[in-house]
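Asker: First the structure, then my questions, so here it is.
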Amino acid sequence: MVNSTKYEVAAQHEADDGSALGDGASPVAEQVKLKKEISLLNGVCLIVGNMIGSGIFVSPKGVLMYSASFGLSLVIWAVGGIFSVFGALCYAELGTTIKKSGASYAYILEAFGGFLAFIRLWTSLLIIEPTSQAVIAITFANYMVQPLFPSCGAPYAAGRLLAAACICLLTFINCAYVKWGTLVQDIFTYAKVLALIAVIIAGIVRLGQGATANFENSFEGSSFAMGDIALALYSALFSYSGWDTLNYVTEEIRNPERNLPLSIGISMPIVTIIYLLTNVAYYSVLDIKEILASDAVAVTFADQIFGVFNWIIPVAVAFSCFGGLNASIVAASRLLFVGSREGHLPDAICMVHVERFTPVPSLLFNGVLSLVYLCVEDIFQLINYYSFSYWFFVGLSIVGQLYLRWKDPDRPRPLKLSLFFPIIFCLCTIFLVAVPLYSDTINSLIGIGIALSGLPFYFFIIRVPEHKRPLFLRRIVASITRYLQILCMSVAAEMDLEDGELSKQDPKSK
């Protein structure tokens, strides 16, 4: 693992331990680091592209199922958007104050130290990132393959192979050049937004033609039971997840003090308005029974409205998944990169290609994890395990924001919010942590167990000083690192001291 001089290539290991990063390190390698190639437009597309996934096309019925009326469901969609704006604004302050990539991992590390940060990283490594990427890839594959089998279900193997090819292709694109990855993100974000605009325009035309029956007495039959409202809001917030995407790549943003909060400020209203108007469009054509009975609401909508052009929506869903998967790969690879740099993962993962300046090892590691999870037949079941963990660590990040306000009040903060925003958000995340514990207790407890399974690794590996680890183990790790350097043409990266902050102490000591 990385020691206290982890940002200097030649000092990571002693040569007599068989290190791959010993005396032979080139002086030039010390200058290799991730470049600032993400513009304001790229940032907006990353956030919008990750937030707008397949959910708004396929299953927006979760909110309607629990709210039981069109009127209340639209209110809950709006509340979910406002809540997400609060969270995104808090992350904008954190991202401009702690200018490290890694999002909540970096913020928890700064506020509370290495232990909680490692558990956050462990949960992402084991469940959150590979599971979500595998599910997105499978959804993409299903929408691409199913039209070839109109009268029966698509073969299982065909879907999984196409999903694997999708993960491999996007991993290669992001390994090649950062610009290629951002270009893919921009193009597919435009495509999915245009598809939703087409749905919205069709809905507006229908309303203009007098199709307003579903909006008369729109609150009739509403379920105001706290349990139902809680589950409806939870469904809406799941669709809004992804607003923290840009915080995973803070160190690669041009002028982050300006572009990070501005990207968030532009993206959040766009997504909220699109979600609201898309649901209005659905409600103008489909009644409650049709929506709840549909496996893919947008496809059912297109069958009734677009006629021979109804193929547009399945293609749009596939495009949406492709763009969302690309954003997820970018974010997850940076999380692994930062985790390695902070000493919580093997050194090899925080290396950067010497010519292309891309984090090739972390991208490959992330890709391999996702491919492994594709082999899990009931992969969708794994999603149920991480709802509790996800919101717990998001809330803990905002608690860290409040703690740093108290602990370090004089710290430079380019963006400083009123305490109203983080306090309200913290109170709401308590609710979001409690909901799955109440409604899905078994799966939530399994998720907690998965997070706690990282304890032995932390106390028996991470916290053990490197010189006390078995020599054979150090040599094995050094050999793997050496071969990865050769294979990936990569060297350990320096942190950008101009925009980042060196750890004041080793996270392993906390």
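Even glycines carry a Cβ here, placed using N, Cα and C.
Reproduced below are the annotations present in Swiss-Prot:
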| type | residues | note |
| --- | --- | --- |
| CARBOHYD | ASN3 | N-linked glycosylation site |
| CARBOHYD | ASN326 | N-linked glycosylation site |
| MOD_RES | SER19 | phosphoserine |
| MOD_RES | SER26 | phosphoserine |
| TRANSMEM | 38-58 | transmembrane segment |
| TRANSMEM | 70-90 | transmembrane segment |
| TRANSMEM | 108-128 | transmembrane segment |
| TRANSMEM | 134-154 | transmembrane segment |
| TRANSMEM | 161-181 | transmembrane segment |
| TRANSMEM | 187-207 | transmembrane segment |
| TRANSMEM | 223-243 | transmembrane segment |
| TRANSMEM | 260-280 | transmembrane segment |
| TRANSMEM | 305-325 | transmembrane segment |
| TRANSMEM | 384-404 | transmembrane segment |
| TRANSMEM | 417-437 | transmembrane segment |
| TRANSMEM | 442-462 | transmembrane segment |
Asker: State the three-class DSSP label for ASN326 (N-linked glycosylation site), counting H, G and I as helix, E and B as strand, and everything else as coil.
Answerer: helix
Asker: Could you check whether the transmembrane segment (305-325) packs against the transmembrane segment (38-58) - three or more CB pairs closer than 8 Å, residues at least 6 apart in sequence?
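Answerer: Output yes: the transmembrane segment (305-325) sits against the transmembrane segment (38-58).
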Asker: Against which stretches of its own chain does the transmembrane segment (223-243) lie, if we need a Cβ under 8 Å and a gap of at least six residues from its ends?
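Answerer: Residues packing against the transmembrane segment (223-243) from afar: 47, 50-51, 53, 55-56, 60, 62-63, 65-69, 72-73, 76-77, 79-81, 83-84, 87-88, 91, 264, 267-268, 271-272, 275, 324, 327, 387, 390, 431-432, 435-436, 438-439.
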Asker: If you skip the near sequence neighbours and keep only those at least six away, which residues in the chain come within under 8 angstroms of ASN326 (N-linked glycosylation site), Cβ to Cβ?
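Answerer: In sequence order, GLY49, LEU170, ILE173, ASN174, GLY181, VAL184, GLN185, PHE188 meet the Cβ cut-off.
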Asker: Do at least three CB pairs under 8 A connect the transmembrane segment (260-280) and the transmembrane segment (38-58), leaving out pairs fewer than 6 apart in sequence?
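Answerer: Answer yes: the transmembrane segment (38-58) meets the transmembrane segment (260-280) with 3 or more Cβ pairs below 8 Å.
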Asker: Among 70-90, 108-128, 134-154, 384-404, which stretch has the most Cβ pairs under 8 Å to the transmembrane segment (442-462)?
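Answerer: So the stretch in question is 108-128.
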Asker: Does the structure show the transmembrane segment (108-128) and the transmembrane segment (260-280) touching, where I'm treating 3 or more Cβ pairs under 8 angstroms (sequence separation 6 or more) as a contact?
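Answerer: Output no: the transmembrane segment (108-128) is apart from the transmembrane segment (260-280).
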Asker: Rank 70-90, 134-154, 384-404 by Cβ pairs under 8 Å to the transmembrane segment (260-280) and hand me the top one.
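Answerer: Looking only at 70-90, 134-154, 384-404, the most contacts with the transmembrane segment (260-280) come from 70-90.
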